[in-house]
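A.B. asks: Sharing a structure, written as structure tokens. Questions coming.
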Amino acid sequence: MARTKQTARKSTGGKAPRKQLASKAARKAAPSTGGVKKPHRYKPGTVALREIRRYQKSTELLIRKLPFQRLVREIAQDFKSDLRFQSSAIGALQESVEAYLVSLFEDTNLCAIHAKRVTIQSKDIQLARRLRGERS
């Protein structure tokens, strides 16, 4: 192949600019118009783990006192009317109820893990109570 002489040509400035896709153009235009910033969201499970650590550290009662007191009085009325309770008695009842519920949920969680699940279901609570001998 014979060599040819190269002549100088005027530069066109490289490649011609491509047309932007509609979605890219819309994305670039949105922030300049003062778009609303989306609120920050944690990954699923992060807040749950934080709450677990928080409640495991704490010792305060988690059930509100007045609703619990009303429930106790309502249940007690079935046995005898005009019963009176010392505030310390209601406090002791609430303390024991919360301790019972926490241990029940621990056993329920073990039942769910045994079934290769991470979500507890009502059948896990039933199994935990049956294994404890509370329910036949």
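Just so you know, glycine gets a Cβ as well, placed from its N, Cα and C.
Since the structure is predicted, the reported quantities are computational estimates derived from the model, not experimental observations.
So Swiss-Prot has the following annotated:
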REGION    1-43  region 'Disordered'
MOD_RES   Lys5  N6,N6,N6-trimethyllysine
MOD_RES   Lys5  N6-methyllysine
MOD_RES   Ser11  phosphoserine
MOD_RES   Lys15  N6-methylated lysine
MOD_RES   Lys15  N6,N6-dimethyllysine
MOD_RES   Lys24  N6-methyllysine
MOD_RES   Lys28  N6,N6-dimethyllysine
MOD_RES   Lys28  N6-acetyllysine
MOD_RES   Lys28  N6,N6,N6-trimethyllysine
MOD_RES   Lys37  N6-acetyllysine
MOD_RES   Lys57  N6-acetyllysine
MOD_RES   Lys80  N6-methyllysine
A.B. asks: In the structure shown, which of the modified residues Lys5, Lys37, Lys57, Lys80 has the fewest Cβ neighbours within 10 Å?
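C.D. replies: Sparsest of the modified residues Lys5, Lys37, Lys57, Lys80 by Cβ contacts within 10 Å: Lys5.
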A.B. asks: Restricting the comparison to the modified residues Lys5, Lys37, Lys80, which residue's C-alpha is spatially nearest the C-alpha of Lys57 (N6-acetyllysine)?
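C.D. replies: Result: the closest of the modified residues to Lys57 (N6-acetyllysine) is Lys37.
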A.B. asks: About how far apart, in whole Å, are the alpha carbons (Cα) of Lys37 (N6-acetyllysine) and Lys5 (N6,N6,N6-trimethyllysine)?
C.D. replies: 60
A.B. asks: Determine, to the nearest whole angstrom, how far the Cα atom of Lys80 (N6-methyllysine) is from the Cα atom of Lys5 (N6,N6,N6-trimethyllysine).
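C.D. replies: Distance (Cα to Cα, whole Å): 115 Å.
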